[in-house]
Amino acid sequence: MVQIRTFLTRCSFLSFRNRRGMSTRNYQNAINSLNSLQSNAATIEAVRASGGRLSQFAIPEMVEYLERIGYTTDDLNALKVIHITGTKGKGSTSAFTDSIIRHTKPDWKVGLYTSPHLVAVRERIRINGRPLSEEDFTKYFFEVWDRLQANDSRKLESTPFMPGYFRFVTLMAFHTFLSLGVDATILEVGVGGMYDSTNIVPKPIVTGVTALGIDHVGVLGKTLKEIAWQKGGIYKEGVPAFSVVQPEEGMQVLTERAKELKASEFIITSKLPQIDKIKLGLAGAHQVGNALLAVHLAKTFLLDLDPEGVKDSFPQSFVDGLQSTRWPGRCQTVVDPQHSKLTWYLDGAHTIESLECCIQWFSQPGVGSPSDSTPGPFQRVLIFNTGGGRAGPSFLESVYKQLSLQLSQLGEEPASFFDQAIFCTNVTYADGGFKGDLTAVSLPPDDLAQLRTQHQLADAWSSIVPSFSKERIHVLPSVEHAIRIVHRLATEGESPVKVLVAGSLHLVGGVIEVSNLAEVAL
């Protein structure tokens, strides 16, 4: 099986190289080359079917790739890493941490690595808060690509010739940050922790786990205990290990993992009254916990590197950092610059827990519900998609349950909250094409062609809300089709239109792209 996997990966890559040629060294060519490393739907399904057993190869293979581009794992200690994982909030916590450190040490060069991206893959690798330029991305991309091509020696039979998409971008982030000599690196885990591609840094400065929940069950496990075991895999010997307050079964496992992996200490974040007085840069009540963890991580990090540099218990630079944090696509309100009556509410929430937080935010008075300043009337539209069609119906059940809970306090009926419900694919354009950076080959072709997931979602919504008329439910093949309906509502109707986009960060990115919101949203 390993030999077949390696052979097919190499053949696929060689076919791509011969087809495209490698003479052009521009950003678009880098994106095309990167997209050739994506795993298709069949490969992803094989990993799920294996129950994650292929994870045993993950770390040794990643170390081998790192060595092929000229580094050892010990070299990564120079990055001075804050390593962050969790089920929900790890991206927001990374953004808070990055902002605090940049405001506290404005003369430092701070690297931030996150995933996924919304519109451009360059967003994943940031220096001092800014994504790499197309020129720099292209430069570092081909430096890593060429090193892998030039060094074909492999220690493990299982190692494919070229790394997959996420592995490659992680290698590129390491290379970029080492080349630029960053003073600090905030490193967000991709999936899980124990076997994640980021988990090859031997000695981070501090590690942290955000709120746990059920996600990626095909790889991480079906129970909170199994998932906690994976997440706790980022804890390291001699390194402080943090966690937010977790459900009892998850906390028990994290405590055991910290002891097993010999963390220097295991700390559950304690409440800081100062945070309650700060208007955080990220909306939503759930962000308080993320900000709390970020403060603990940043303070531990700064005290380790510069014990005299943080003298106050809660410096003003921490306040400024929390207030200034920006993280697009998470509980984000964007007024459409081209349609004055149209407002977008963007949240890439894609787990039950994060969707509940999303609805808590959107249903608030002054956001998606009427208030003294926005009395209404207005139209509300839901645009929704999910990467896992089988989980989609349960996600919608959680959305409606949370909506019912929130609206019971406002005296509004949940069944009539949304005027339109749109279920579309993540395909960017109406002609079936993707923006280069948003290309996804992981979507099952039959599912996509028949809109199977979208029909499942529409049927689920009809079942959950029987009074919602079929004429107001739309199953559409692309983001552009969905935007056309929204624009028609905004131009033909008299009342303002509020659109909640949720269920997938890729969907949010497509909406930003097609609606030309990049300048105001990113």
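Our numbering is plain: 1 for the first residue shown, then up by one each step along the chain.
Just so it is clear, glycine is given a Cβ too, placed from its N, Cα and C backbone atoms.
The Mg(2+) binding site feature in TrEMBL is assigned to SER115, GLU188, HIS216. In sequence order, ARG124, PHE166, VAL169, GLU188, GLY190 make up the list of same-chain residues 6 or more apart from SER115 (Mg(2+) binding site) whose Cβ falls under 8 Å from its Cβ.
Using a 10 Å Cβ-Cβ cutoff, ASP347 (ATP binding site) registers 25 neighbours. The ATP binding site feature in TrEMBL is assigned to ARG330, ASP347.
Within the same chain, the residues at least 6 positions away from ARG330 (ATP binding site) whose Cβ sits under 8 Å from its Cβ are GLY91, SER92, LEU282, GLY284, LEU346, ASP347, GLY348, listed in sequence order.
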